[in-house]
Amino acid sequence: MAENKTKKGILVTIGLLILSKAKWLFAILKFSKFGVTFISLIVSLAGYAVIFGWKFAAAIVYLIFVHEMGHLVAAKQKGIKTSPAVFVPFLGAVIGMKEQPKDAATEAYLAYGGPLAGLISIMPAIGLFYMTDEPYWALVIMLGAMINLFNLFPVSPLDGGRIVGVLSTKIWFVALIVFLVFLFYNPSPLLFLIFIFGIFTWWSRARDSYKSQKLDLEIQTKKNMRDFLEKCQKDVFYTHGTDDEGDPLISPDMILYHIRTLQGRIAEIETELSYMKKWYVPFLQDKERLKKDALLYERQRYAELVMFLQSEINYSELQSKITDTNHSINKLNKEKNKLKTYYKAKPSTKWKVFIAYVVLAVCLSLLFVYYRGILDAAYGYIYAY
C-alpha cells in the first residue's frame with residue numbers, strides 16, 4: 001500500500017511540473033511582478049505540505065524552482081526577455097516568454113536549461129546524504145532525478161520534446177506511440193493531458209507544408225491588393241489638377257466603376273463557394289481546400305477594397321494604404337521564412353544537442369536508479385513526514 005502511494009505521489013509530482021508547460025498559463029501570468037514569485041512560492045509550499053508533508057513539499061518546491069530558473073538563465077543568455085517565475089499551487093511554476101525563439105536550436109537551448117539546472121540542484125543533496133546518511137536527502141536526489149528525467153521524454157510540451165525538435169520532429173511521432181503504450185498500462189489524467197498536448201504539437205508540425213502554401217495564397221492576395229491600389233492612383237485620381245490641400249483631384253465615376261466591378265466579383269465568389277464542401281480531409285484533400293482558401297482570401301480582399309473605396313479617400317490615404325499593404329507582405333514573408341527554416345540546423349549543432357541530451361539523460365537515470373534503491377531499503381520513509 002505504501003509503495004502504491006509512493007508511486008502515486010511521484011506521478012502527481014511529475015504532472016505538477018509538466019502542467020507548468022501549458023501555453024495558456026504563460027499567457028495568463030506573463031504580466032506577473034517579482035513580488036508574486038515569493039508569495040506564490042509560499043502558497044504553493046503550503047498547498048503541497050497539506051498533501052505530502054512539509055519536508056516532501058520543500059523538496060518539490062525547491063526542485064521545481066531551480067528547474068524553472070534554469071530556463072530563465074538560458075533565456076537571458078539568448079537575449080529573450082522573460083517574466084519572473086510564478087508558482088501555481090499543484091501546477092508547478094511558470095516563466096512567461098515575451099518573445100518566441102528564433103529557431104529550434106534556440107528553443108532546444110532554452111529547454112535544456114531546465115533539466116540541466118535540475119541536475120545541478122540535486123548535487124548539494126548528494127553531499128548532505130553522505131554527510132548525514134539521512135534518507136530524506138536520498139528522497140530529494142531521487143525526486144529531482146525523476147522529475148527532470150521524465151521531463152526529458154521526447155514529447156512536446158516536455159523539455160525533451162523541445163530539445164529533440166532540432167534533431168528531427170519525426171521523433172515526436174515515435175515517442176507519442178511509446179507514450180501511448182505507457183499510458184495504456186498506467187492510466188492517468190495527467191499523463192493523458194500530456195499526450196493530448198503532444199498530439200497537438202506534432203499535428204501542427206505535420207501541417208507546416210499546408211500552412212506554408214496557405215501563406216503563399218495570403219501573400220499573393222496582398223500583392224494583388226497592392227497592385228490594384230497602385231492602379232487606382234492612375235484611374236481614380238487626376239494628374240492635371242489638385243484640390244485645396246494640394247492632393248490630386250478624385251474621379252467619383254471611376255470609384256463607382258471599381259466598386260461595382262469588385263461587388264460583382266464578390267457575388268461570383270459567393271456562388272463558387274456555395275458549391276464547395278465545408279470540410280476537407282487533411283493531407284488527402286489539401287489541394288481542394290487550398291482552392292477554397294484562395295477564394296476566401298480573394299473575397300476578403302475585394303470586400304476590404306470596397307470598404308476602402310466607399311470611404312472618403314484622398315491621395316494621401318491611398319499612399320498610406322499601399323504602404324501598410326507592403327508592410328503586411330513583408331511580415332507574411334518573414335513568417336513564411338521562419339516556418340520553413342525554424343527546424344533547420346547545422347549537423348554540428350545537431351550532434352552537440354544529441355550528445356548533451358544523452359549525457360544528461362544517462363546521468364539522471366543513474367542517480368534515479370541508485371537512490372531509488374536506497375529509498376527502497378528505507379521502506380516507508382517518504383510518508384514518514
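Backbone N, Cα and C define each Cβ position, glycine as well.
The transmembrane segment annotation in TrEMBL covers 38-66 (among others).
Broken down by DSSP into helix, strand and coil, the domain 'Peptidase M50' (56-129) contains 47 helix, 8 strand, 19 coil. According to TrEMBL, the feature domain 'Peptidase M50' maps to 56-129.
The transmembrane segment annotation in TrEMBL covers 109-130 (among others). Within the same chain, residues 62-63, 66-75, 77-78, 80, 101, 137-138, 140-141, 144-145, 147-149, 151-152, 159-160, 162-163, 353, 356-357, 360, 363-364, 367, 371 sit at least 6 positions outside the transmembrane segment (109-130) and bring their C-beta atoms closer than 8 Å to a C-beta of that stretch.
Sequence annotations record features per position, and here TrEMBL assigns transmembrane segment to 136-156 (among others).
Marked as transmembrane segment by TrEMBL: 163-184 (among others).
Here TrEMBL flags 190-206 (among others) as transmembrane segment.
The annotation transmembrane segment is assigned in TrEMBL to 353-371 (among others).
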Quiz item: Same-chain Cβ contacts of the transmembrane segment (353-371) under 8 Å, 6 or more residues past its ends?
Solution: 105, 108, 112, 115-116, 118-119, 122, 129, 138, 141-142, 144-146, 148-149, 152, 160, 163-164, 166-167, 345
Quiz item: What same-chain residues lie close to the transmembrane segment (136-156): Cβ under 8 Å, and 6 or more beyond its ends?
Solution: 10, 13-14, 17-18, 55-56, 59-60, 62-64, 67, 114-115, 118-119, 121-122, 125-126, 128-129, 162-165, 171-172, 175-176, 179, 194-195, 197-198, 201-202, 357, 360-361, 364-365, 367-368, 371-372, 374-375, 378, 381-382, 385
